[in-house]
Amino acid sequence: MDTKRMLQNSVLALTDDTLISIGTVTNAAREVANDGVDQCDPQIITQASSLSKLPLEPSSVDIVIPIFRSIEFPGDLLVKEMFRVLKPGGTILIYSSQQSVIGETDKAISGLQRKLLLGGFLEAEALQPKPVGLSNVVCSFGVKAKKPSWNIGSSFALKKSIKSPVKVQNDDYSDLIDEDSLLTEEDLKKPQLPPVGDCEVGSTRKACKNCTCGRAEEEEKVKLGPTMDQLSNPQSACGSCGLGDAFRCGTCPYKGLPPFKLGEKVSLSENFLVADI
């Protein structure tokens, strides 16, 4: 809504006196804007100090202009009513039509500002004294304030600032290196298992009939028992082989043979080397 239309349709003037001129109201309204003041058709309520409730709908006017003589006007109840009828963002202009001593004026202005702030208004500020009305009545002081641009009970979401987590500088591991970088290509190659022999695998491994891995030759070398050369020319590294089994070690090739003299040929029966089974 523009200022001209606002001044024409939604101005309310209050006074504790029995009479007030329209010129007084229009001159006071010039504090808000000059455009459209001459076409202003305000609503005027006299002897407003006796009212406990204003006969207006809530949020129905844009400007409220109380002009008073008594230092006690407007009361707290009337301030509450003026706040109710003002639209969000509306303006209130309070004028005194009596001259006062400078010290009393400052005290009255401070009291009015405090009363308006407690009543819910914002930006309460003192106005410079100037003539008000057709009779050039001097306005000893005045106070201007605004109603908040939001309605009572309205709510809106607040944008919460997102705090990023604090980054901790940790240099304890700055000297460490990646272990994987120490590996070469040879280290990464999969090891090749040795080829499996053609002999059977089990808890008791032995050479097969057609052994080609050399196991048969190894088994022949470790077979216990005297060879033909040992029987023809018996020798002993320990010197006890010819004394009998009581003096022979566990791996003695002559174990099981009767006592003999070293260097003499040992005679065995024909079935000595034949297996019992």
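Glycine too: its Cβ is placed from the backbone N, Cα and C atoms.
Feature annotations, courtesy of Swiss-Prot:
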BINDING   Cys199, Cys208, Cys211, Cys213  [2Fe-2S] cluster binding site
REGION    199-213  region 'Fe-S binding site A'
MOTIF     238-241  motif 'Cx2C motif 1'
REGION    238-252  region 'Fe-S binding site B'
BINDING   Cys238, Cys241, Cys249, Cys252  [4Fe-4S] cluster binding site
MOTIF     249-252  motif 'Cx2C motif 2'
Just to be sure I understand, if DSSP states are collapsed into helix, strand and coil, how many residues of the region 'Fe-S binding site B' (238-252) fall in each? 6 helix, 0 strand, 9 coil
Let me check the 10 A CB neighbour count of Cys213 ([2Fe-2S] cluster binding site). How many other CB atoms are there? 14
Given the binding-site residues Cys208, Cys211, Cys241, Cys249, which one has the fewest other C-beta atoms within 10 angstroms of its C-beta? Cys249
Integer average pLDDT (0 to 100) for the motif 'Cx2C motif 2' (249-252): 76
